[in-house]
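Everything on this sheet refers to the single structure shown next.
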Amino acid sequence: MNESYRCQAATWVERGSSATMGGVAFSAGLLGNLLALVLLARSGLGSCRPGPLHPPPSVFYVLVCGLTVTDLLGKCLISPMVLAAYAQNRSLKELLPASGNQLCEAFAFLMSFFGLASTLQLLAMALECWLSLGHPFFYQRHITARRGVLVAPVAGAFSLAFCALPFAGFGKFVQYCPGTWCFIQMIHKKRSFSVIGFSVLYSSLMALLVLATVVCNLGAMSNLYAMHRRQRHHPRRCSRDRAQSGSDYRHGSPNPLEELDHFVLLALTTVLFTMCSLPLIYRAYYGAFKLVDRADGDSEDLQALRFLSVISIVDPWIFIIFRTSVFRMLFHKTFTRPLIYRNWCSHSWQTNMESTL
């Protein structure tokens, strides 16, 4: 049988493989997303009666809620199949022998679907952050929570249609080593256009989304840095402008500490998101345009798939849990207060010197 992948037709989990990493990833993802949902509920996101005590949810939190639900569904649908394969020492194709290759195809579809849907929602969040900071007038007029609710369904519908193309004959799903993963086939010995074409198309779309997300985050970081510099050089004028501006960035202008929070989190998000997405994009292009020895490439493909799955684990911790007041308090006590005190001492010393002169 002329197969492109060593474990393509395997019926058992490859020896030497352990379920430890899969179990840890599932536990971390499940805990993070459940904790994120609890924090979102406590923040008043689910309130149906806006008012002084229950302000309407911001667009950002609506988008975060959609991303959290998407990641949680992905973890609950995908990870149990991996753990079941390890527990029974059977590959995905053999977990349900009567279904043939359907379970493997369903797993691969879910992997590609949730990977694309989450990336689209991450781009929407990055775009929302950039618009709110760099184009506040356009943001206030056109970006609303009601429109933000549509992001998750629209991203899901697009991802559903796109990732279902292999079922229509364009693209192919295949089982990867150690027999507990299935995903888009990224190499074909006969260089079939229908197989390689979908792999390149999927990876190209992911690359464009990653690039757009990084650009938006860098733009938002640039705006935050400019705001922070203005606050340091003109603290009184900035405070007066904040008080007179009424409703500004997300129902209230951020103070300098919040600006620093956002800057650090955006930088961390950009680095982690890029690191987790690029391995899969690289493997897809590498398999499409170079002759690959599958005996040497299976481990790299598995690592790329694992990196992709890390995004859904990291998302809730970065976007929600690290934004809570408890984390901010610890962060400010550890890093921000010494920095502010040092800057204040330097500014006071400079002022005293100028007054004596």
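Quick reminder: no glycine exception, Cβ is built from N, Cα and C everywhere.
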Record Swiss-Prot, residue C182, disulfide partner from C76, C104, C276: C104
Query: Membrane-wise, does Swiss-Prot list Y86 and Q303 under the same topological domain?
result: yes
Statement: Taking DSSP H, G, I as helix and E, B as strand, the topological domain 'Extracellular' (171-194) contains 2 helix, 8 strand, 14 coil
Statement: Residue counts for the topological domain 'Cytoplasmic' (128-149) under DSSP, helix then strand then coil, are 18 helix, 0 strand, 4 coil
Message: Within the topological domain 'Extracellular' (79-106), count helix residues (DSSP H, G, I), strand residues (E, B) and coil residues, in that order.
response: 22 helix, 0 strand, 6 coil
Message: Between the transmembrane segment (262-282) and the transmembrane segment (58-78), are there three or more CB pairs that fall under 8 A, provided the residues in each pair are separated by 6 or more in sequence?
response: no
